[in-house]
Amino acid sequence: MPIPNNPGAGENAFDPVFVKDDDGYDLDSFMIPAHYKKYLTKVLVPNGVIKNRIEKLAYDIKKVYNNEEFHILCLLKGSRGFFTALLKHLSRIHNYSAVEMSKPLFGEHYVRVKSYCNDQSTGTLEIVSEDLSCLKGKHVLIVEDIIDTGKTLVKFCEYLKKFEIKTVAIACLFIKRTPLWNGFKADFVGFSIPDHFVVGYSLDYNEIFRDLDHCCLVNDEGKKKYKATSL
């Protein structure tokens, strides 16, 4: 697989793990914080499964970039858990390779993006970032938590064009099977999940539930409890 450079096309992408519509686990089977439990329906993807899948994604990414230097953009805040685990595995895989390099394999950068209030997209994208002009002529991998409608990544990739980046690829932990999806595909995907609002593993509902270890479904009571006052 060549280094991807057609954001949204998902050309030559590996298949994600498919989570069926009726998949899930009883909350009592896992360690769930007591203050969250009544606001959740079920565990959709357990923490251990998420971690192992991220390790495999790191392996796939390393195979594609091989020993080419690349820069990883973390889209905060939802991607933080995925990004941290991915970097850990990429570093370990690279450190155990026999190749000597004069510089680190990858650089890391952080961009704050926000497009949701409650469980709805606001239709606008707020971007706060460091100076990304250093990415000119570089390979860039965007790390996103979830592709829902796909609108966030379309707008963000458009934003990146002014920096004259060499290649742009996308890694996302989850892609949601929703009729609202605009067709934007990632190049490295962890899981294909059903059309439900998910929280946990750094995914939030109005900044709540990020600290859940597992990917879970939030129920209507939870949405009402933590609903923002305005869109």
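The backbone N, Cα and C atoms fix where each Cβ goes, and this holds for glycine too.
The 10 Å shell around the Cβ of Thr149 (GMP binding site) contains 18 further Cβ atoms across the protein chains shown. Here Swiss-Prot flags Lys77, Glu144, Asp145, Ile146, Ile147, Asp148, Thr149, Gly150, Lys151, Thr152, Lys176, Asp204 as GMP binding site, drawing on similarity to another entry.
The annotation active site, proton acceptor is assigned in Swiss-Prot to Asp148 on the grounds of similarity to another entry. Secondary structure at Asp148 (active site, proton acceptor), taken from DSSP and collapsed to helix, strand or coil, is coil.
As annotated by Swiss-Prot, Mg(2+) binding site applies to Asp204, with the evidence given as similarity to another entry. Long-range C-beta contacts of Asp204 (Mg(2+) binding site), restricted to its own chain and to partners at least six residues apart, with a cutoff below 8 Å, comprise Lys77, Gly78, Arg210.
Residues near Lys176 (GMP binding site) in space but far in sequence (CB under 8 A, at least 6 apart, same chain), listed by position: Ile146, Ile147, Asp148, Ile193, Pro194, Asp195, His196, Val198. All chains included, 23 other C-beta atoms sit within 10 angstroms of the C-beta of Asp148 (active site, proton acceptor). When secondary structure is read from DSSP and collapsed to three states, Lys77 (GMP binding site) falls in the coil class. The C-beta environment of Asp145 (GMP binding site), restricted to residues of the same chain at least 6 apart in sequence and closer than 8 Å, consists of Leu75, Gly78, Ser79, Gly81, Phe82, Cys172, Leu173, Phe174, Ser202, Leu203.
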